[in-house]
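Student: What follows is a single structure, and I will ask about it in a moment.
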Amino acid sequence: MNVNVINHPLVRHKLTLMREADCSTYKFRTLTTELARLMAYEASRDFEIEKYLIDGWCGQIEGDRIKGKTLTVVPILRAGLGMLDGVLDLIPTAKISVVGLQRDEETLKPISYFEKFVDSMDERPALIIDPMLATGGSMVATIDLLKEKGCRNIKALVLVAAPEGVKAVNDAHPDVTIYTAALDSRLNENGYIIPGLGDAGDKIFGTR
């Protein structure tokens, strides 16, 4: 499976704090931002760089910069917004695209109710952010939308993933790498990840 579990001590520590049943909205939201920042560092390891000249204090020197069009970060509404600040802390020049999905009552498949993409999507790397990868339906649908816009360099950043969701993404889009803080046990009968985090969107926005 094309999944990268980020096994860093700080990531594991912060994720455990988020799993606590009495984790407050403020604490959960703060930890979401902190985890997103740490994980974005790992997900950006293979960014291509190029050399260029700058004027240093002692004259011209050669330095490095990220090559090509600026990354677009793609939060899936609404829970994905909770990870956005953490990624932007690390990559403040990133462009933001947004995808909103809802379940079709007849087919039970996710359909888009809102999408806003930046220009030149076919030239940009994209990083999809969503706290939970459960069934994988929303992630697959978002990747479908990005590829329709010509985007080919796509990664997914999630806090917790279920094996079912990882398999769904890998089956539909084997070229997309998933970065996660934990690959949990399974989904329960209601589609929640076990042990998971509960409803991450409700916890981030204080609507639980």
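Every residue, even glycine, has its Cβ placed from backbone N, Cα and C.
Okay, these came from Swiss-Prot:
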- Arg78, Arg103, Asp130, Pro131, Met132, Leu133, Ala134, Thr135, Gly136, Gly137, Ser138, Asp199: 5-phospho-alpha-D-ribose 1-diphosphate binding site (BINDING)
- Ile193, Gly198, Asp199, Ala200: uracil binding site (BINDING)
Student: Considering Cα atoms only, can you say which of Ile193, Gly198, Asp199, Ala200 is the nearest neighbour of Asp130 (5-phospho-alpha-D-ribose 1-diphosphate binding site) among these binding-site residues?
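Tutor: The smallest Cα gap between Asp130 (5-phospho-alpha-D-ribose 1-diphosphate binding site) and any of the binding-site residues is with Ala200.
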Student: Could you tally the C-beta atoms, other than its own, that fall within 10 angstroms of the C-beta of Gly198 (uracil binding site)?
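Tutor: There are 17 of them.
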Student: Beyond Ile193, Gly198, Asp199, Ala200, what residues of that chain have CB atoms within 8 A of the centre of the uracil site's CB atoms?
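Tutor: Neighbours within 8 Å of the Cβ centroid, excluding Ile193, Gly198, Asp199, Ala200: Pro131, Met132, Val160, Tyr192, Gly196, Leu197, Gly201, Asp202, Lys203.
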Student: Can you count the other CB atoms that lie within 10 A of the CB of Asp130 (5-phospho-alpha-D-ribose 1-diphosphate binding site)?
Tutor: 27
Student: Measuring Cα to Cα, tell me the gap between Gly136 (5-phospho-alpha-D-ribose 1-diphosphate binding site) and Ile193 (uracil binding site) in whole angstrom.
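Tutor: Checking the Cα atoms of Gly136 (5-phospho-alpha-D-ribose 1-diphosphate binding site) and Ile193 (uracil binding site) gives a distance of 11 Å.
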Student: Quick one: Cα separation, Asp199 (uracil binding site) versus Arg78 (5-phospho-alpha-D-ribose 1-diphosphate binding site), in Å?
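Tutor: Asp199 (uracil binding site) and Arg78 (5-phospho-alpha-D-ribose 1-diphosphate binding site) have their Cα atoms 12 Å apart.
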Student: Whole-number Å distance between the CA of Arg78 (5-phospho-alpha-D-ribose 1-diphosphate binding site) and the CA of Ala200 (uracil binding site)?
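Tutor: Cα-Cα, rounded: 10 Å.
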Student: What is the Cβ neighbour count of Ile193 (uracil binding site) at a 10 Å cut-off, with all protein chains included?
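Tutor: Here the count is 26.
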Student: Around Ala200 (uracil binding site), how many other C-beta atoms are within 10 angstroms of its C-beta?
Tutor: 24
Student: Using a Cβ-Cβ cut-off under 8 angstroms and a sequence gap of six or more, which residues of the chain neighbour Ser138 (5-phospho-alpha-D-ribose 1-diphosphate binding site)?
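Tutor: Long-range Cβ contacts: Ile76, Leu101, Pro110, Asp130.
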Student: At a 10 A cut-off on CB-CB distances, which of the binding-site residues Arg78, Met132, Ala134, Gly136, Asp199 has the highest count?
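Tutor: Result for the most crowded candidate: Met132.
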Student: Please report the DSSP secondary structure of Ser138 (5-phospho-alpha-D-ribose 1-diphosphate binding site), reduced to three states.
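Tutor: Note: Ser138 (5-phospho-alpha-D-ribose 1-diphosphate binding site) is helical by DSSP.
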Student: Can you give me the Cα-Cα distance between Met132 (5-phospho-alpha-D-ribose 1-diphosphate binding site) and Ala200 (uracil binding site) in Å, rounded to a whole number?
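Tutor: Approximately 7 Å lies between the Cα of Met132 (5-phospho-alpha-D-ribose 1-diphosphate binding site) and that of Ala200 (uracil binding site).
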